[in-house]
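*Asks:* Please see the structure below; I have some questions.
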């Protein structure tokens, strides 16, 4: 071992074995509970995030089964209106804010640093903080639900129903504050992803060599950054209206009920793409791997992602077509809503072309991609339907829309996500999920999903509104509703099998090699699961498919320090190395800061003074977080 | 158990309740007919698109299985195909957008109608106000809108509390009732009949039981109906109903409900002057019969939990009398 | 897989400043988030104004004195702020210490003026929607001044501690200076909106 | 590495189970929102025991058994607020500051601030113009309204108190303690016989 002139230990001085040992010492978290609470490893946090999000998926699924039980028969008395309203609100809020967005970002937390060939995400402590605050938000919502203070105003919380006069108690406040928790965590991740991708890519990975999943996460992160402030401002104004008597939404004093809808959907529509675009990246990744060739039309797909991201901000009014806005504006939003089908169509065509030209291998991840195509195209086409104002006046707020967005969100996001879990499970856990199980899971979910949700289109056209806890026997809906409820059991069985398979495989699945699928991207260039430092030597990239162009060898860079957590900063466009940079070490402060923030936010549901007194511990914990501890990472 | 009997009575009334037309696919009003044409057209077109995409997907998945040896497809051919598909998408999208605009124009604006009815939604029922004229005083009713067939009718939409949405799918698309704003909707029935509608915007506990009936009838029948509705309530003939009237006025009922021509002038509940003539009670919950009225009055919180009608303690005689009185208010 | 070393990184600096530093980009991203928030409050202000029969609703336009003085003060603070950033890039510890003390003072002074701005609006948050939005805008901007002042104070303490004299701290100072520029820049449209639109 | 994950897994599983048990316990303790009051319970609420002068007294036992819902439960308080408007209370009492009838906000309770007195005032009426509502409201509604009226005048705002109206504002909403804001000093002991302020 020889140290360089400045006393640093560099990887150039070490053999492979010595290097791995030295890096493991530098990058590992301490063992035990303390290490679990203070770790800033993006893989540990990402895995934790994914697992938590899937727990929320399961809980949300249980709620949906309760709703199906209630709706199976007309005038059923299994769940009363008060509880039903809480259940459907919880289902929507939980799935959107605690499952769909976080799980996509969680996959990015785990895989983006690996795919761009760096050793940790940018701002690792912010990452840890983000997880704790997300967990706190989820617990707040669910504990409130258990103690009968669950929100009962819908996941959209329209005023005045959610406002001070009609939303009795703290139910709507819990919802609004849960928004703050989840949006803080989502915004934090978005910043981390953007900076990781812009500044921490492997040398040579210019922007046109970025894997498509990474591109999709960059666009998604920008959507988060631009869209989520709207909902934070909206939910804050709602709490202010309820707690201290502001008049943002009070028409009698110059406010406006529709202002809420504008703010909510200015966030709410991009939200759909925040969930869908990562799935596009997943599909692109899986299609490339299982057809054995790069996705056709890389540039077209990236342009489609960006175009979708921009158009996403011009559509929100199509959620308000029946609110009585001026006709001219509605026509504009019909055109823009229809137009978003063009980039979506382009993506579909590119994947079809890839499959056409490639040699498909029918493994479980690819099956989910096929299922995605079948279902998502239906969801996209019904999306075109509801973009039309007259069409929408008949189906808005009916089960047609319920069917539509489940086709888009389950077909468009959950199918790719499940495929991605099967695909990346070896990298997440070091073990492989079962292929025969996987086929059953796919079959049950695919069949169950379509049997459950397709009939809802018909119910909607037959006049069944959404968000009703029951319906009268004379309405011609009971047959289909019973059918849907029975089909939902198939769907639930599929998910149950998935959870069993995942838990079983994580414990005792077949041990995976570094690159079991023969994929092309950098996350497969390291062990499964990756060591704490990800790569012993950082890869150097000179093509879009680094592992396919040179299958036998990995081109790497050398010269990074091993005494401190060190990674490489490269230029934004061309990924030319610019500096070695330290990455912060483990810290308990993010957890403390999250606890302080949680206290302040929950307290502020009850008293405006919480903002004053509650922010003092937050400030203290943040100072503790950033105050240098004299470790090598803090100095230069 | 009295409560159990009442519930059974109520459920029985529900089971044989009214049947109304409530489907976007069975349009009987001009706006709904235009929209139905659009729905059928777009759905047919989209089905074709879906079948084409699926056929391509199927072919793409199968072709490599059938031929063992395969020449590499040229990138150029793929580019051209994808471009062509994209161009086709743009054309279809543009076509559907234009079709949508034309449908909007065909439906027209509601301002030109001869008859104007004010609909005020509240948790969880509909207050319907017909303006008076020289020949006839104005009047209020609830949860039931009568319109002359074949005429444009403008419905002014207001809300007393939260956002509701007025939707009678067989006649027209929906429109929200937003507090602090005034919206309106054009209704026009081409065929006499009873068209059922339902609140379509989530509005709280009893959003599920907030139905409204639109009854389209020949103009002469409509006028007859309007004249009878504008009259004060009749004095009940039978002894039951007469006793019921007395009980009604003495009990809390009168504090919330109006029966024109009596001392009952409450305004927080529906106007009951001609409640017996309406097809349903409690916003489309049950058909109006003496039994269902009794079940409703005896225990409104079981039939429609959370609604604003309290459970008034009544003896069984009072209950019978009041239901008889209500039924007599034709 | 065999590793083949093709690139030598030994000559790279151990830390970067400006666009080379992730924290610079992080600051930029947070500025984008908060900038979106500020822009949205202005949009809400204009939206409410478009609904109102007259503006400002139920009161007179705000008094100019406190707000204008604060604006001038904020603009004036840009000079020492830019200098601090320059000194930090030059890693001049003595000047940076001095500059940070000046900036801390220039951060606290607007907070005092801000206390006079709320009454200058002639309306309370609970009187009508105009009151609600102006208090909201002022409050949102005040929290930004406050966070930056606290950050400046902490940095000042750091620069006087043994942790001060490293390139990383100087990088933090430049990022903090950039953030203060942002706080000032966002105030200008807010000032125009709050004080001059009601006078149009 | 492997070991560390399993450690944290155990910690998380333990935390999850603890949270689950706590939540279930809380959920079991907490009654769901009651939309329908059983008729026997409702008639039980009629059984106030008033002092001979009609000013103070004790609520029926069943009221305590229910957990004093009309003073602490947000749903009942908001229903009370509806009833306040629907039954014409503003005609005499305005927004709570009084008019032809007495104010609820100035800390003066002519018959004391206990909910029983307020229920009795509404149910049986009082001299000088307060009509009895016995025949116009059910006893449950009277309790709801009484709880709300008490809330208007509370000096320490109740957590469950309603927020502002979607209407013209005349005073701070009930959840901000309007009595405290509008009459900061509170009552000076002019009528010490009428009990403490709430």
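Cβ from N, Cα, C; glycine included.
Where the annotation comes from TrEMBL, it is an automatic prediction and has not been curated.
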*Asks:* Looking at A:14-35, A:366-387, which one does TrEMBL call transmembrane segment?
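*Replies:* Here TrEMBL associates transmembrane segment with the stretch A:366-387.
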*Asks:* Among A:210-234, A:235-259, find the range that TrEMBL records as transmembrane segment.
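*Replies:* The range carrying the transmembrane segment annotation in TrEMBL is A:210-234.
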*Asks:* Can you check which of A:73-94, A:95-116 TrEMBL lists as transmembrane segment?
*Replies:* A:95-116
*Asks:* Are there at least 3 C-beta pairs under 8 angstroms linking the transmembrane segment (A:298-319) and the transmembrane segment (A:399-425), leaving out pairs fewer than 6 apart in sequence?
*Replies:* no
*Asks:* Quick one: do the transmembrane segment (A:298-319) and the transmembrane segment (A:437-459) reach 3+ CB pairs under 8 Å, ignoring pairs fewer than 6 apart in sequence?
*Replies:* no
*Asks:* Across the whole of the domain 'Cytochrome oxidase subunit I profile' (A:33-542), what does the mean pLDDT come to? Round it, please.
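*Replies:* That region's mean pLDDT is 94.
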